[in-house]
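Trainee: Quick one: this structure, given as C-alpha cells, is what I'll be asking you about.
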Amino acid sequence: MEGDGGSEFRQWCLSQVKGAIDDDVTEADIISAVEFNHSGELLATGDRGGRIVIFQQEQESKALPQSRGEYNVYSTFQSHEPEFDYLKSLEIEEKINKIRWLPQKNAAHFLLSTNDKTIKLWKISERDKRPEGYNLKEEDGRYKDPTSVTTLRVPVFQPMDLMVEASPRRVYANAHTYHINSISVNSDNETYLSADDLRINLWHLDFTDRSFNIVDIKPTNMEELTEVITASEFHPLQCNTFVYGSSKGSVRLCDMRAAALCDRHSKLFEEPEDPSARSFFSEIISSVSDVKFSHSGRYMMTRDYLTVKIWDLNMESRPVETYQVHEYLRSKLCSLYENDCIFDKFECCWSQDDSEVMTGSYNNFFRMFGRDGQPGMTLEASWESSSPRCPLRPWRVCAGSRRNDDEIGVDCLDFSRKILHTSWHPQDGIIAMATINNLYIFQEKLN
Amino acid sequence: ARRCASPAGDKMAGADGDDSLYPIAVLIDELRNEDVQLRLNSIKKLSTIALALGVERTRTELLPFLTDTIYDEDEVLLALAEQLGNFTMLVGGPEYVHCLLPPLESLATVEETVVRDKAVESLRKISHEHSPVDLEVHFEPLVKRLASGDWFTSRTSACGLFSVCYPRVSSTVKAEIRQHFRNLCSDDTPMVRRAAASKLGEFAKVLELEYVKSDIISLFTALASDEQDSVRLLAVEACVSIATLLPQEDLETLVMPTLRQAAEDKSWRVRYMVADKFSELQKAVGPEITKNDLVPAFQNLLKDCEAEVRAAAANKVKEFCENLPEDSRETIIMTHILPCVKCPEVRLNIISNLDCVNEVIGIRQLSQSLLPAIVELAEDAKWRVRLAIIEYMPLLAGQLGVEFFDEKLNSLCMAWLVDHVYAIREAATCNLTKLVEKFGAEWAQNTIVPKVLGMANDPNYLHRMTTLFCINALSEACGQEITTKHMLPVVLKMSNDQVANVRFNVAKSLQKIGPVLDSNCLQAEVKPVLEKLAADQDIDVKYFAQEAVSVLALA
C-alpha cells in the first residue's frame, strides 16, 4: 500500500502551468528537456522543435513564500535547426535532448544545449540601454542634409525597456557518430563531457575544434555490440570523477586522473540479478535511463524502468535504497513493449537538501520518495484537478477497479501522458516537470 | 578642426561645412551600425575619431559611450580593448590617463577570455603612465573593485593587475594588495584560483624577498595541493618562476617538497606538466638539486604508467641531457637516463646529438647500449621507422668511426639494400654514397663494392637492379679506376639479363657512369653493348639504349 502523503511528506501546491492548454499538440511543442539553473532563478525548457524557452522567477514575489514558484517567460530562442547528414542520408533532428546551465560568471547567463549531434553554448544577456544620437541621420533613420551638420556628435546611452538577448557563443560539432544522450559540466567550470551511445568526449568550453575521447566502448566487431551508454554525469565536487550508466543496468565510475583514456572503470555499480524475476524483458527494464549525483556528492541515484535506486559511492555491490516507481506495470510489460512505452527514458532528481527524490510516471503522475525506504507518494500534474494554494492530493493505483476517489485502476492509466523530464530547484522546494507539452511548476507548501 | 584622411564619401556641399567633419561623422555613426564589420572598422579608427573630437570631448563624451558599449561581438570588444591601451595622448596625456579606466574595467568583466586578457594587457600598459599618486587614487581602487567583485570574471582579471601596481605604491597599499592576492588564491571558484595560480610567478617577481618567502611559498604550496587538477597543474608552472627567485639554500626546504609531490601527483595531467616543464625546472633549481632530485623524478616520469606522460618526458630527454653538468653527464646518462628510455628513437636521438659521444662514452659502452637500439629500429616492421634509422647512419658512422662501423653496422647497411620496400632500398643506396664520401674510395673498394657487385647474381631481379642503382650512385665517389676495373664489367654482363627492366637500367647506368670512364673504354666496351641493346626486342630497352648513345655522343 502506498503512503498516504501524510505529515511526514512535504505538501505540494500547483503554482503554474505553461504552454497551450488544449488537446491539439504539435510535435514541435513537445517538451524534451527541463532544467533549473544553479540559483534556481531561471528555468529552461527545450522542445522537439529545437526551441528553448527560459522562465525567470518573478523577482517581486520571490520573497513571498506562497508565490515564490511564479515564473514568467524571460527569453525564447531557436537553439537547433534540423539538419541533413548527406553521407548517411539521415535527418538530424533538432529536438533538444539536454540542457545544462553553467555556473554564473558575470551578469550574463550561459547554458549548453544539445540535440543528437551538436552542442551549443548560449549566452543570455540583458540590455537596458540603447545609444541615441546620429550625426548624419535622424533617430528614425532619415538622412539629414549634410550641410546642416556643423559639429560632431557622440551617441549617448539612454535607458530602454529591458531586452533579453540570446546569442550562440560556441558550436561544438562533429564529434559524435551516435546520438548524444547526455552533457555534464565539470566542477572546474572549464570542461564538460558529452556522451553518445558508445563514446564519451571531453571538451574545453573555449575550444570547439577539438575534443578528447575518454571512453570508447565500441567493439571492433559491431556484431558483438551488447551494451550502450545511456547517461553520464560528472561528480559535483570532484573534478576527476564521472559516471556512466549502461543499457544493461550497470553504472561505471571513472577516474580521469588515473589515465588519459578511461576505458577501464574504477568502480562498477551493479546489483546482482534476482534469478526468479528473470524474464524476456529483464534486460530492457534494467537499462539505466538517468543517473544523478546527490548535491553532497556522496550518493548517486539511478532510474531504470520500474525503480529508482540510491547508491552509496563507497559500495558497489548493491544500492542502499530501492524505490518502486510503478511496480504494478511489471505484469503489463508485454503490452508496454508492444506500444514501445517500455523504452521510455524517465529522469529523476534530488531535492535541494538530498532528503527526497522525485521521478515521473504515466498518467501524468509523478512519484516522491523520502529517503526512508517507504513506498513514497504519487501526485498528479493536472491543471484540471488542482487549484493554486491547495495541496495536491495523493493518488493510489490499484490492480483492479477503483473503490475510492483517490484511486485509479491500472488499466485506466493513460500511457500517452507521461512525465519524463523533471527538475528540482537547487535551493528551494520548487519542482518543474514536463507533461507532453505543458510545463508544470509546483511549490512546497510551507506551514 | 584638422584635415583627416577620409574613406570614400561625398564631400559636404557648401563652403560653410567643414570637409573633414563628414568622414568622422560617418565613422561615429558606424559605431552603431548593424553590420559588425563596419562597427569593427570604426573601432579600429577610434584614434581618428578622438583626434577630431579633441581631448576634452573624448574624455567627457566618447569614453562614457565606450564604457557602456559592451554588448558587442568579441572581435569588436577585442579591438576596443586594444585601442584603449594606446589612448593616453588622445585623452590629454598622463595627467588624464585614469579616464581610460572605466571602459577598460567593464571590458575586464566580459566572459570571453581573449577580450578580458586584452583589457588586462591594456590596463597594464596604461598603469605605467599613471603617476604614483594617480596609481593610488585611481588604479589601485579599480584593482580592489575587481578583486572583490561579485563576478568570477572581475576577480580573474584582478589577478593580472597586482604585479603592475605593487612596485609603485605605498607600503600600506602593498599590504592590501598582498591580502587581496591571498584571498583570490583561496577563492571558492576554480576559475579564479586558476587565474591566481597562473599569475603567482609574475607577482612573486615584484615582491620583496621576505614576502616571497612568507607569503608566496605558502600560497604556492596551497595551490599545489588544490583539489582541482586544473589548479594544481598551473602551480607547476609557477614553480619555475619561484625557484629562480629564491637563493639555492632555500630551494630545498621551500620548493622541492612541493615539486616532488607534483611529480608523483595522482593526476596524470599534473605529472605531464612537470615533464613538460622539466628543462625549465632543471635550469631553475641548478645542478646540485638536479642530480639529487630531478634525475630520479625524471626516471619515474620516463617510466610513468600513462603514455602521455612518458611521451612528454621523452621529448625533454635531449635537452635535459645537454644541460647536465659536464663532469657527471656521462654517468647520469648511461646509468640513469638511457635505461629508462624504452623508445629506441629517443635513445638514438640523444646520442646522435651529443657531439662528444665517442670521447665521453667508450666504444664498448656504446655498443652495449646503442647497438641493440639500432638493430631493433633497423628491423622494425614499420618501414618509416627503418627509414629514420638509415637517415641517421652517416652521422653515426662519422661519430663511431670506420672500425666500429665495419664491425657492427656494415651488414645492416647491406641488408637494407635488399629490403622489400623500395623507399628503403633507395635510401640505403643514398646512404652508401654518403658513407663513401666519409670513409673514402679505398674503403669502399675493400668493403662495400664487393658486396654490391655480388648482388648482381641475386635471383630476385629487384636486387639485381639495386646493384645498378648503387653503381650509379657510387661511381663518381669511387673514381675511374674502381668503376672501370670492377663496376663496369658487372654492368656490361647484366646487359644479357633476361628481365627487360634490368636491361634498360643497364642502359641508364651506362649513361650515368659514362662520364667517369675514359673515351677508349667508352668506344671499345660501352658502345658495342649499347648498340646491342638498341636492337633489343623490348621497346623500353631500345629507347634507353638509343638515349644513352646520343647523350654519350657515341653515335
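Residue numbers in this text run from 1 along the chain shown.
Note: Cβ is positioned from N, Cα and C throughout, glycine not excepted.
Those TrEMBL annotations? Automatic predictions, nothing curated.
As listed in TrEMBL for this protein:
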type: REPEAT; residues: B:23-61; note: repeat 'HEAT'
type: DOMAIN; residues: B:100-281; note: domain 'Phosphatase 2A Regulatory Subunit A helical'
type: REPEAT; residues: B:177-215; note: repeat 'HEAT'
type: REPEAT; residues: B:216-254; note: repeat 'HEAT'
type: REPEAT; residues: B:255-293; note: repeat 'HEAT'
type: REPEAT; residues: B:294-331; note: repeat 'HEAT'
type: REPEAT; residues: B:370-408; note: repeat 'HEAT'
type: REPEAT; residues: B:448-486; note: repeat 'HEAT'
type: REPEAT; residues: B:487-525; note: repeat 'HEAT'
type: REPEAT; residues: B:526-555; note: repeat 'HEAT'
Trainee: Below 8 angstroms Cβ to Cβ, which residues of this chain, lying six or more residues outside the repeat 'HEAT' (B:448-486), approach it?
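Mentor: Residues packing against the repeat 'HEAT' (B:448-486) from afar: 410, 413-414, 417-418, 425-426, 429-430, 432-433, 435-437, 441, 493-494, 497, 499, 501-502, 505-506, 508-509, 512-513, 516-518, 521.
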Trainee: For a three-state summary based on DSSP, what are the helix, strand and coil counts in the repeat 'HEAT' (B:177-215)?
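Mentor: Summed by class, the stretch gives 33 helix, 0 strand, 6 coil.
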Trainee: Cβ under 8 Å, sequence separation of at least 6 from the ends of the repeat 'HEAT' (B:177-215): give me the contacting residues as numbers and ranges.
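Mentor: 140, 143-144, 147-148, 152, 155-160, 162-163, 165-167, 169, 222-223, 226, 228, 230-231, 234-235, 237-238, 240-242, 245-246, 250, 254.
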Trainee: Grab the pLDDT values for the repeat 'HEAT' (B:255-293) and give me their mean, rounded.
Mentor: 93
Trainee: State the non-local partners of the repeat 'HEAT' (B:216-254) in its own chain: residues 6+ outside its ends, Cβ under 8 Å from one of its Cβ atoms.
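Mentor: Sequence-remote neighbours of the repeat 'HEAT' (B:216-254) are 181-182, 185-186, 190, 193-194, 196-198, 200-205, 207, 209, 261-262, 265, 267, 269-270, 272-274, 277, 280-281, 284-286, 288-289.
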Trainee: For the repeat 'HEAT' (B:448-486), how many residues does DSSP put in helix, in strand and in coil?
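Mentor: Helix/strand/coil tally for the repeat 'HEAT' (B:448-486): 35 helix, 0 strand, 4 coil.
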